[in-house]
Amino acid sequence: MGRVSFSVRVSSVRRARCSCPGRCYLSCRVPPTTALRALNGLGCAGVPGETAGGAVGPGPLGTRGFLSGSKFQAPGSWKDCFGAPPAPDVLRADRSVGEGCPQKLVTANLLRFLLLVLIPCICALIVLLAILLSFVGTLKRVYFKSNDSEPLVTDGEARVPGVIPVNTVYYENTGAPSLPPSQSTPAWTPRAPSPEDQSHRNTSTCMNITHSQCQILPYHSTLAPLLPIVKNMDMEKFLKFFTYLHRLSCYQHILLFGCSLAFPECVVDGDDRHGLLPCRSFCEAAKEGCESVLGMVNSSWPDSLRCSQFRDHTETNSSVRKSCFSLQQEHGKQSLCGGGESFLCTSGLCVPKKLQCNGYNDCDDWSDEAHCNCSKDLFHCGTGKCLHYSLLCDGYDDCGDLSDEQNCDCNLTKEHRCGDGRCIAAEWVCDGDHDCVDKSDEVNCSCHSQGLVECRSGQCIPSTFQCDGDEDCKDGSDEENCSDSQTPCPEGEQGCLGSSCVESCAGSSLCDSDSSLSNCSQCEPITLELCMNLPYNHTHYPNYLGHRTQKEASISWESSLFPALVQTNCYKYLMFFACTILVPKCDVNTGQRIPPCRLLCEHSKERCESVLGIVGLQWPEDTDCNQFPEESSDNQTCLLPNEDVEECSPSHFKCRSGRCVLGSRRCDGQADCDDDSDEENCGCKERALWECPFNKQCLKHTLICDGFPDCPDSMDEKNCSFCQDNELECANHECVPRDLWCDGWVDCSDSSDEWGCVTLSKNGNSSSLLTVHKSAKEHHVCADGWRETLSQLACKQMGLGEPSVTKLIPGQEGQQWLRLYPNWENLNGSTLQELLVYRHSCPSRSEISLLCSKQDCGRRPAARMNKRILGGRTSRPGRWPWQCSLQSEPSGHICGCVLIAKKWVLTVAHCFEGREDADVWKVVFGINNLDHPSGFMQTRFVKTILLHPRYSRAVVDYDISVVELSDDINETSYVRPVCLPSPEEYLEPDTYCYITGWGHMGNKMPFKLQEGEVRIIPLEQCQSYFDMKTITNRMICAGYESGTVDSCMGDSGGPLVCERPGGQWTLFGLTSWGSVCFSKVLGPGVYSNVSYFVGWIERQIYIQTFLQKKSQG
């Protein structure tokens, strides 16, 4: 096969390589608490299998990535890093010559290079390795010493009776040992301390804690060490182990855990003194967080610190008030969470204290609800939550631990009993949902009863899985007897964006309705900003991650993950690999994708997967390296990088040292480059940006005078045009004559001359006077000849529903009037202002006062109002009657949407990426199961799609669109509009709201509507979760810090709604981007802020309803 190369290579000449190519940088910044920011603090990753002397071997730490540093510093100033991997000239050579450096140097310059750079890096590595491994070895020696067991020590070997000896290899120039990867640390089984060991009673004096590192402890006095390992080990050495783990940020409170072992709290009980060791839950949290880091040096959590030896905080002791030291001690909360307004969860997460005992699982482990008191008329759940007794035995897990569904009496004629004793409604049996934990409600069910299709083998699959190109039936029967329009394209044949295969899209009736010349062409230009500096310029979709468009790729998890991972320097060619799967190269001759070579994928995964593991993330499952061809294949071409391929993407800032940091870190007040170059020249002018006078915010020049204010005082939209005295300035800074303003005809290209022409103003009696603007002046309307149909037109034009009251109010002397044209009924005008003309008098001297009633919205007559569950679950019909499904043929469901009026729907703009033709879309209402038609279902075609003009695919900002339906919906209990907020109505942080949609639950999209309750998170806190995106006031963050429920329960365009007093529900957000469904560490979802866009939404509806026909005419 042919390998694509972007430069001429000479494979016979190799440059010497070292473990830190050209440099070893260090960063003393403590890694941030979030997962993506934590990656930045890891520094550089090492070369697997490379020994200090350059020989090919298993690696000094026996892992695929190891800790290293450039130089040794005194204790307290040590800087840990992951060494950067080598930049091989040709990846192919890596397998033939191994990962080690060549034995012979070609030139004296290379020798000098090794002496000055390689040796300090290796020395620093050895020091850290020695500390970690010597600690493990010390644990072993101390344990046998404390248990009167003497190991036999020889040169390089430690022999323990009954234990296979472990060889320790020493370098000649150092005393640092290395453990081969095939061997593991033996498990010692010392005597477990008895309960008395954990709370030693004696009469010794309590001592003050003087060790500087342990001043973080929430107590000040201690006893002599209690654990044998601490007694028989140097204290500095013991604490240094936890200090290094702390700097690796594997667990927020790891240093506190180590200090609580070294200095147990001294508790006075009369004449006795006893010390408290950490609680078992504290130990388990520390072990869970840091064991993966220890695994990177082929070690494990020390058996001498096994958690089973510690007491559980729930254990009681009649003579001791506290049995162990817990993170949840009242006097320790303030210092551990950084303030008295926070609560410390058992997991170590800090949440606002006001969230404690509020009935919500904010900690993800219910510890914020664990010690709450319930009133007598409420049921106390096992999780600590308080419930009304009416919620017991109703089939819903309201408690979160099923404690409200235990010991229930089932009516077997109407209910089904699950294996755990829970009772569920009989209609839930065989409906395709696993309502029972043991899934007994879906046993022996026909596929049809679940709304599914039966394979020949009897397996059930959704109907949309038929003829989709994937064999979902184990016997492959779902891909048999497929028509040509459904058959996936054979290799080498051009295909549309959908699934049909054609020779050309132009004029072909075989093309799917959502295909076009642009997306059916062989190649398309790369527009994904992240990959704009590739050696190729065209791509072909779908990509290797399953994204169908570049827009879908830009908002994917991988588009945020890979740039953040690049910062760790785990692999020089990681960004190149990421782009080859996000925007695959398109062969201009064949129109086919060119995949990356398998070796490139394998190297990327081997060197960077362990870094993800440290922060609890996994390598993207769709990047299975076996799907890519070997370089030596004869029948397929694959991609390998040039030596000079650019490591930093356009979304990164390149430090002077060459390191890549995210562009969002540029000029953020914190030095991310090792040379601080990212914090230099940070003024707006120095960066060729425009500066807002009020807050010194920097704006791109393309945002100045574009019709949308960006500065807080709107100064970026001032002095943008020079209109004459007889002209007025449009919102887009065009000039229009005054006498054309609010005349019922569109003169500004953005229609702004006809905005807000009809309003209601209050007078002294609190009546709402009808006011109409003509020629930029306000006028009251004379009541002479007024009809009720005009009141209806006025209320409708203002988007205020039907008129409920029309009054005639006495006018004032000398005011200016607008009167109806004598023949107004024959004018066929669509707006009120074009039916009125200026007059000096009004014979009746009466003016119009209106009271418009908003349409009834946000009601759920068919919902079971008291059924709510944290953590997300399948919803029931009628609970969310405004939820709709935006669909196209043949793809089916694409996005969620929200009904806001009988003919109007909201969704996000990115759903229409590359598919803005209204003819290919339809909207389905009143449906819960996408694969099962409902008797309440209504379908409408799309008439108009209106994307926000400021929508940006690069930053996913202004992500909103208004959709006009072909016909009004029929309002029922299952199809009803939601309320819109007022422009001034914003959500307070820590408000709880609901998200709904057909989101992602596992590998495939669920076909039942999902719902989940989420908490509103402040924007400043939200920004800390997302390095690659900027959180603006046009966005809302919602979810939980723990990631339990986020918008993976919903899908793009789906609603975020909050209940208001009176039982009405208001739409505050549309699911936009942010959440990662299979990770609990990346934080909340991000939603378009509907309150910000209410004015724009109402304006679009007004323009389409009243002005569009006139402007087209």
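FYI, residue positions are counted from 1 along the chain as it appears here.
Note that Cβ sites are derived from N, Cα and C of the backbone, with glycine treated the same way.
According to Swiss-Prot:
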- H910: active site, charge relay system (ACT_SITE)
- D959: active site, charge relay system (ACT_SITE)
- S1052: active site, charge relay system (ACT_SITE)
- C214-C259: disulfide bond (DISULFID)
- C279-C324: disulfide bond (DISULFID)
- C357-C372: disulfide bond (DISULFID)
- C374-C386: disulfide bond (DISULFID)
- C410-C423: disulfide bond (DISULFID)
- C455-C473: disulfide bond (DISULFID)
- C597-C638: disulfide bond (DISULFID)
- C655-C673: disulfide bond (DISULFID)
- C684-C698: disulfide bond (DISULFID)
- C705-C720: disulfide bond (DISULFID)
- C742-C757: disulfide bond (DISULFID)
- C895-C911: disulfide bond (DISULFID)
- 201-327: domain 'FZ 1' (DOMAIN)
- 409-445: domain 'LDL-receptor class A 3' (DOMAIN)
- 518-641: domain 'FZ 2' (DOMAIN)
- 758-853: domain 'SRCR' (DOMAIN)
- 1-112: topological domain 'Cytoplasmic' (TOPO_DOM)
- 113-133: transmembrane segment (TRANSMEM)
What Cα-Cα separation, expressed in whole Å, is found between C911 (disulfide bond) and C279 (disulfide bond)? 50
What is the nearest of the active-site residues H910, D959, S1052 to C386 (disulfide bond), using the Cα of each? S1052
Cα-to-Cα gap, C655 (disulfide bond) vs H910 (active site, charge relay system), nearest whole Å: 33
Under 8 Å Cβ-Cβ from C372 (disulfide bond), six or more apart in the same chain: what's there? Q356, C357, G384, K385, C386
Taking the topological domain 'Cytoplasmic' (1-112) alone, what is its mean pLDDT? 37
Three-state secondary structure, which DSSP defines for C895 (disulfide bond): strand
Cβ density check for C895 (disulfide bond), other Cβ within 10 Å (all protein chains) comes to 24
Using DSSP, break the domain 'SRCR' (758-853) down into helix, strand and coil residues and give each count. 16 helix, 43 strand, 37 coil
Between C-alpha atoms, which of these active-site residues comes nearest to C259 (disulfide bond): H910, D959, S1052? S1052
Using DSSP, tally how many residues of the domain 'FZ 1' (201-327) sit in helix, strand and coil. 53 helix, 18 strand, 56 coil
C423 (disulfide bond) to S1052 (active site, charge relay system): how many Å between their Cα atoms? 34
What's the CA-CA gap between C473 (disulfide bond) and H910 (active site, charge relay system) in angstrom, rounded? 33
Rounded to an integer, what is the Cα-Cα distance in Å between C742 (disulfide bond) and C895 (disulfide bond)? 37
Minimum Cβ neighbour count within 10 Å among the disulfide-bonded residues C655, C673: which residue? C655
What are the DSSP helix, strand and coil residue counts for the domain 'FZ 2' (518-641)? 49 helix, 11 strand, 64 coil
Of H910, D959, S1052, which is closest to C374 (disulfide bond) if I measure between C-alpha atoms? They're all active-site residues. S1052
Mind checking how the domain 'LDL-receptor class A 3' (409-445) divides into helix, strand and coil residues in DSSP? 6 helix, 6 strand, 25 coil
Running the recorded positions C279, C324, C638, C673, S1052 through a 10 angstrom C-alpha radius around C895 (disulfide bond) leaves S1052
Per residue, counting other C-beta atoms within 10 angstroms of the C-beta, which of the disulfide-bonded residues C279, C357, C473 reaches the highest number? C279
